[in-house]
Amino acid sequence: MKILGIETSCDDTSVAIYDKKLGLIDHQTLNQNSVHSKYHGIVPELAARSHLNQLNFLIKNIFSKYFLYNSSNFKKKFFKAVAYTVGPGLSGSIVVHSCRSIALSLDIPYILINHLEGHLLSVMLSYKKNLFPFLALLVSGANTQLIYAKYLGKYIILGQTLDDAVGNVFDYIAKILGLGFPGGKNLSDLAKYGISGKYFFPRPMTKYSNLNFSFSGLKTHVKNVILNSSDSFQEKSNIAKSFEEAIVDTLIIKCKLAIKKIKVKNFLVCGGVSSNRLLRIKLKKLIYKNQRKLYFSKKKFCTDNAGMIAYLGFLKYQQGMYSYNKSFSIYPNLLISDNINYL
């Protein structure tokens, strides 16, 4: 049994095949960095146009690879269903019409996928085992959340950002520092040359016992420091280091509170920012000290990808969560706690 997965929620176009016996047998992704880099951020209209061209290329490529063209008997035998992201994400990027057309042409059902749930399950894809129930830190360009996952489809948001997501703040500060897009990794690379303690930035909302985050004030504060500092490489490195430490410390403090509140064995970390080296080091220390088990997504699954979509589609197909209805709806503001199985 094979599931075709498609991911287009933001600026990565990705297609994958998950097989019941063999696992992830194919995974192809095209980014749009060259399209958006000169704007230092994602331009929704350009992202939408790029998806149409890139998805067509990837589908042709993956079908040709498995000799699916001009085959009279593959319709029912090769793919059992098409799983694709319906939200959250950029409205123009979620190309459900193309995905539904593929399902209709193959006469197979489709599976609606919550992009955030895909990120959570990317950790289970990485380790190839069931980790429910678990606590999770989801940190990406658009999301910063602490989540209690009871079982497949049942997720409780314990805390989330009240304004900016961690990844967004990383990219914003990277832009102010004059670094290229995408900025998060470039900022972390620059921070390696910084001297710790040259600056001290606030750890927002860490004096509160709730699990929510807020980074807009920190973002503005660091921006003002940059604009009033010298343009030297060392000065930029020092600011980058202190900023990264402030972000990571804030996440760690909130994770510590979550661990005390929810008594489960497994702690999962996912999303693009989960590949951050400093975050991984400090989380390992925290989880080891509290005698829990820590699981990260493989780095190739940290950013947006269809591997996690196909895998989640496989799990949902096994539970009968698929449809033949002619729905073309998208859900740009979908929450991890929303149930879309039968929409």
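Glycine residues also receive a Cβ, built from the backbone N, Cα and C atoms like all the rest.
DSSP assigns Asp304 (Fe cation binding site) to coil in the three-state reduction, outside any helix or strand. Counting every protein chain shown, the number of other Cβ atoms lying within 10 Å of the Cβ of Asp304 (Fe cation binding site) is 27. The Fe cation binding site annotation in Swiss-Prot covers His115, His119, Asp304 and is backed by sequence analysis.
The substrate binding site feature in Swiss-Prot is assigned to Leu138, Val139, Ser140, Gly141, Ala142, Asp171, Gly184, Asn276; the stated evidence is sequence analysis. Following the DSSP three-state reduction, the secondary structure of Gly184 (substrate binding site) is helix. Summarising the environment of Gly184 (substrate binding site), the number of other Cβ atoms within 10 Å of its Cβ, over all protein chains shown, is 24.
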Ser140 (substrate binding site): tally of other CB atoms within 10 A of its CB: 24
Sorted by sequence, non-His115, His119, Asp304 residues with Cβ within 8 Å of centre, Fe cation: Glu7, Ser9, Cys10, Thr85, Leu116, Gly118, Ser122, Ser140, Gly271, Asn305, Met308, Ile309
Nearest of the binding-site residues (His115, His119, Asp304) to Gly184 (substrate binding site) - Cα to Cα: Asp304
Max CA-CA distance, Å, over listed substrate-binding residues Leu138, Val139, Ser140, Gly141, Ala142, Asp171, Gly184, Asn276: 17
Most crowded position, judged by CB atoms within 10 A, among His115, His119 as binding-site residues: His119
Distance from His115 (Fe cation binding site) back to Ser140 (substrate binding site), taken between C-alpha atoms, in Å: 12
